[in-house]
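A quick write-up on the structure given underneath.
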Amino acid sequence: MFYRLSGVHHADYVSDTRIFKLPADRNLAAFIFLFGLVAPFIIPSLYLNSYILPWLIWTAAALGLNLVTGWAGQLHLGYAAVMAVGAYSAIHAARFGIPWEFALIIGGLSSSVIGSLFAFAALRVKGLYLALTTLAMQFVMDWVLTHSPAITGGSHASLQSPTLALLGQDITSDAGYYYVAFGWCVLVTIFMLNLKRTGLGRALVAVREKDFAAAILGVNSFYYKILAFATSSFIAGVSGALLIATFFFLAAPEQFSVNVSIQVLAMVIVGGLGSVIGSYFGVALILLVPGLVNGLVVAGSAGLGTQINVETLAHIPNAVYGALIVVVLLIEPLGLGKLYGNIRDYLMVWPFDQLRK
Amino acid sequence: MKQLTKALAALSMMGGLITGTQALAEPFKVGVCYDLSKAYTFATPQVSQAALDLAKLINMKGGIGGEPVEVIVRDHGNEPQRGIECYSRLSREGVFVFDTLSTPVSLAILPRAMQDERVLMQSLVGRGDAVDGTVFDWVYPAGPSYWGQVANDIGYIKQLHDGDLSDVKVGYIYFDYPFGQEPIEILQTLSEMEGFELLLYPVPLPGSDQSGAWSKMRRDKPDHVISWMLGGAHVVASKEMQRNRIPMEKYISVNWLNEVDIANIGTEAAIGLKRGTNVVGGPDVALRTEIISELYDKGQGSGPLVNTQDVYYNTGLAMHSIIFEAARRAEEMEGLPITAQSYKAGLESLENYDANGLMAPITLTAEDHGGGGKTRIEMWDGETWVPQTDWLAEYSDVVWDVVRESSSKYEQ
C-alpha cells in the first residue's frame with residue numbers, strides 16, 4: 001500500500017539501474033532531504049548542534065568505513081587514526097593560511113596517502129591478521145600524536161581550529177555548521193548509493209565474497225582493496241576535519257583514540273555491513289543513544305522522586321545501552337539496516353502479503 | 001461562558017504568579033558534567049558527592065542570598081561529544097558555571113564556553129595555560145596547574161638539600177601521554193637553572209608494566225622520584241620499588257593519590273610516601289566535620305560515608321567551596337539574580353580564600369585564574385597525612401613564562 005508496486009515497470013536498463021526504483025523510496029528520500037534542508041528552522045539549536053550535527057558527520061565517516069569493511073570486506077580497526085590524519089593536516093593547512101576548501105581536500109588526500117600506505121603493508125595479510133595490523137596503525141598514530149607537539153599543538157596536545165570559511169563566507173552560526181555537515185553527509189551518501197551501480201562497486205563486492213574467485217574473473221583484488229582503502233581514507237580525512245571545524249573547534253588526540261575506532265566499527269556493524277541507511281541508524285544508536293538514555297533515566301528518577309546515587313544513575317544507561325546493542329543484533333544479526341529492510345519488504349505487499357503464501 | 005472566561009483569567013493569573021515566583025526563586029545552579037562511568041571514576045564519585053553535600057549544607061543554612069543552590073550532576077563517560085551535549089543542555093536550563101573534571105571534555109567545552117561567555121571551572125584538569133586570564137577570560141583552573149605543582153615539588157626538594165641542588169638526581173616517572181608529559185618542560189628548565197640532574201622514565205598507559213623503568217632507576221640511583229601517574233599505577237610502582245629496594249621516602253606523587261591507593265599499597269608499606277597537594281589531607285578538616293555532623297549523622301548524606309574519608313572528597317569540597325563562595329560574593333556585590341558577569345566578578349574578588357583551612361589559599365584576579373598555584377607536600381605516616389612544608393608557590397616566574405608562551409599560541 002505504502003510502496004505501491006503496480007504500474008512500476010522497468011522496460012530498459014536505464015530505468016532498471018536507478019538508485020530508487022520505487023516511487024515511494026524516491027519520495028521518502030526527497031522528503032528526508034527537504035526536511036534536512038529546513039531543519040535549522042524547525043529544530044531547536046540544542047538538538048541541531050548537539051545531536052544532529054555530530055550524527056551527520058559521524059554518518060559520513062561511518063559510510064567511509066562501510067566502504068572498506070562492508071563493501072570490500074576488509075576489517076579496519078584503525079579508522080579513527082585515519083580521521084586524525086585528515087583532521088590535523090586540514091587544521092594545520094588552514095592555520096597556515098590555505099583556504100578551507102583546499103585545506104579539507106589536503107586533509108582528505110593526506111589521509112588517503114597514509115591510509116593506503118598502511119594498506120600496502122596491511123593487505124599482505126587477511127582476515128583477523130589484517131584487523132590486527134590496522135589496530136597497530138591506530139597505536140602508531142596514537143603514539144605519534146602524543147609525542148609530536150609540533151603536530152598536536154604544544155604540551156597540552158590541543159590544537160585550536162581557525163574559523164571555518166567556505167566560498168568566502170565565514171561560517172560561525174549554528175545553521176551554518178549544520179549545513180556544512182549536512183552537505184558533506186549528502187555528498188558521501190550519494191557517492192555510496194551510486195557505488196553499487198558502478199564497476200568499482202561490483203568489483204569490491206566480488207573481492208569481498210572471495211578474493212581469489214574475483215581474481216579468476218579478472219578483478220585485480222589487491223588493486224581494488226587499495227582503492228577501497230584510499231577512497232574510504234579520503235572520506236575519513238574530510239569527515240575528521242569537518243568534525244573538528246564544525247563541532248569540536250579544537251583537536252585533541254583523545255578524539256581519535258582507539259576506542260573511537262572501535263566505536264565507528266560498532267556503528268557500521270550494528271547498522272549493517274554494506275547498508276547505507278543502516279549506517280545512519282547505526283551511528284544514531286552508538287553515538288546518540290547513550291546520551292538520550294542518560295537523559296531519560298535522569299528525568300525518570302527525578303520524576304519518580306527517587307534518591308538514586310549519582311554513580312548508579314550513571315551506570316544504568318550504560319547497561320541499557322549495552323543491552324540494546326545485544327537485542328538489536330539478536331533480533332537481526334545483519335543490523336539495523338536489514339531491520340528497516342524487513343519492515344519495508346513487509347509493507348511492500350501489505351495488506352496483500354497472504355497472496356504470496 | 002462568562003464563568004469560563006473568569007476561570008480562565010484566574011487560571012492565567014495564577015500561572016503568571018507561579019512562573020513569576022519561579023523566575024525569582026531560580027536557584028544558583030552548577031553544571032557538574034563528570035565522567036562517572038569510565039576513566040575518571042577513581043575520583044568522580046567522591047568529588048560529586050562532596051559537591052552535593054556542600055550544596056545541601058549551604059541550603060540548610062539558607063542558601064545564597066536567601067535562594068537555594070543546586071548542583072546538577074550528569075555523566076559524560078569521558079566522551080567529548082557527550083560532554084558538549086551536557087554543556088549545551090544545561091546551558092539552556094540557565095546554568096553558567098560548569099565543571100568537567102576530565103581533560104578531554106574540558107578541552108572540548110573550552111571553545112564553546114569562551115564564545116558563549118560561560119564560566120568553565122577546571123580545577124586540576126584541562127590545559128594548564130588557562131591560568132592566563134588575559135587569554136582565557138572564561139576559564140578558571142582555580143588551583144595549581146601541573147606545571148606549578150611540579151615546580152613546588154622541586155622547591156620542596158631544594159629545601160631538603162639546604163638550597164643546593166647541584167649534585168642531586170631527580171627521577172621523573174610518568175605516563176607517556178600528555179598528562180605525564182606536561183611537567184617535563186618545567187623540569188628541564190629548572191634542571192638547567194638549579195643544576196640538578198633530571199632523569200626521565202616514561203611508562204606506557206595504564207602503568208601496569210613499570211619493571212623496565214624501575215630497574216633502570218635502581219642503576220641510576222636518583223635521590224628523589226617524582227611520579228605523574230594515577231590510581232593502580234601507584235600500587236604497581238610501590239611493588240617495583242620494594243623489588244628494587246628503593247625506599248618509599250623517595251616517592252613524591254602528583255596530587256592524584258588517595259586512601260584507596262594507600263590501602264592497596266598497604267598502610268604500613270606506604271609509610272614515608274609523599275604527595276603534592278592543594279588540599280589538606282585527612283578527615284579532620286572543619287568543613288568535613290560540619291558536613292558529617294549536619295548531614296551524615298542525620299542520615300542525609302549524598303552517598304556512602306566511606307567516600308568522605310577520602311582525600312578526593314576534600315578535593316571536591318575545595319573545588320566546590322570556591323564555586324559557591326564566588327556565587328556568595330557575586331550576590332553580595334551585585335545582588336540577585338547572579339549572572340555570568342557578576343559571577344565572574346565574584347570569582348575575581350576571591351582573596352586568600354582557603355575554605356576555612358581546607359586548602360591552599362587562592363587569590364583569583366583578572367590576570368591569574370589559577371589563584372597563585374600554591375601546593376604543599378604531605379607524607380603518609382601510616383595513619384594520616386602529615387604536612388612537610390607550608391603552602392608553596394615556587395619558581396612562579398618560570399612557570400608563568402611557560403604559561404604565557406603556551407597561551408599566546410591559543411589565538412593563532
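Cβ atoms are placed via backbone N, Cα and C, with glycine included.
Automatic, uncurated: that is what TrEMBL annotation is.
Annotated features in TrEMBL:
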- A:28-46: transmembrane segment (TRANSMEM)
- A:52-70: transmembrane segment (TRANSMEM)
- A:77-96: transmembrane segment (TRANSMEM)
- A:102-121: transmembrane segment (TRANSMEM)
- A:128-145: transmembrane segment (TRANSMEM)
- A:176-195: transmembrane segment (TRANSMEM)
- A:226-250: transmembrane segment (TRANSMEM)
- A:256-273: transmembrane segment (TRANSMEM)
- A:280-299: transmembrane segment (TRANSMEM)
- A:319-340: transmembrane segment (TRANSMEM)
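Packing against the transmembrane segment (A:226-250) from elsewhere in the chain are residues 49, 53-54, 57-58, 60-61, 63-65, 67-68, 71-72, 74, 76, 79, 82-87, 89-91, 94, 100, 103-105, 107-112, 114-116, 118-120, 123, 158-161, 164, 171, 177, 180-181, 184, 188, 200, 204, 207, 256: each is 6 or more residues past its ends and has a CB under 8 Å from a CB in it.
Stretch with the most C-beta contacts under 8 angstroms to the transmembrane segment (A:256-273), considering only A:52-70, A:102-121, A:176-195, A:319-340: A:52-70. The transmembrane segment (A:28-46) makes contact with the transmembrane segment (A:176-195): 3 or more of their CB pairs lie within 8 A, with pairs spaced 6 or more apart in sequence. If you look at the transmembrane segment (A:280-299), the same-chain residues 6 or more away from its ends with a CB under 8 A from one of its CBs are 51, 54-55, 58-59, 62, 263, 266-272, 313-314, 316-318, 320-321, 324-325, 328, 335-337, 339-340. Beyond its flanks by at least six residues, the transmembrane segment (A:102-121) meets 78, 82-83, 85-87, 89-91, 93-94, 133-134, 137, 225-226, 229-238, 240-242 of its own chain at Cβ-Cβ distances under 8 Å.
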